[in-house]
Amino acid sequence: MLTKRIIPCLDVKDGKTVKGVNFLNLRDAGDPVELGALYSQQGADELVFLDITATLEKRGTLVELVKRVAQHINIPFTIGGGIGSIEDVSACLNAGADKVSVNSSAIKNPALIDQLSKEFGNQCIVVAIDTRNVGGMNLVHSHGGTKPTDLDTIAWAKEMQERGAGELLLTSMDKDGTKAGFANELTAYISTHVSIPIIASGGAGTMEHFTDVFTLGKADAALAASIFHFKEIAIPELKSYLSGKGIHMRK
């Protein structure tokens, strides 16, 4: 049986972690690399770095971040944020990233996923899907969740798998930031309609929420940000709690 994964997510803007990090024992509380290294030591299975810097020099900032992360962190990590071409992906993987996350670029040009998986293999291509319920329909949103599309989330998830995504990062915008639990029903529904792993994101607030997303939500991995950044839940305790609930965790 495959083990479940716990993945802290770090949003990076202009080289600093955003979402207000308050680790007192870090020299620079805003340094994503130090924070990532700390999570790695604590037993995180993977890390996701999303660069939300709005600059023209996007690829340059991404690559610099990847190089620094790769030097200091020995667990797999995914980089995302403005990745839209074979060149972007090549630069990030060559700099040391294990996977890349593609979102709006796939919506703009779905064939990009075919190209990327053919060029690099689907094991390193993650498609991020931001979804929100609009009038009873789960619709995909682009541009950091700001622009609604007319794409149905389930149909889009299936299409992305068919085109070569190796993994889906599903963020429920309805749940994001609420700390009221993951979107388990939607996550489970998508999980039963695709065969690739689903990373659930949005809504983590308690350890029980993680139990639920793995059991009810059928997720393969759970991603969270602020509950880890603000030390509300510590990763070692979370993993031992989940193991105690009969959920297979990576040691």
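Yeah, the Cβs are placed from backbone N, Cα and C, and that goes for glycine too.
What Swiss-Prot annotates here:
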- Asp11: active site (ACT_SITE)
- Asp130: active site (ACT_SITE)
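Reduced to three states, the DSSP call for Asp130 (active site) is strand.
Looking at Asp11, Asp130, the active-site residues in this record, the fewest other C-beta atoms within 10 angstroms of the C-beta turn up around Asp11. The distance from the Cα of Asp130 (active site) to the Cα of Asp11 (active site) comes to 15 Å.
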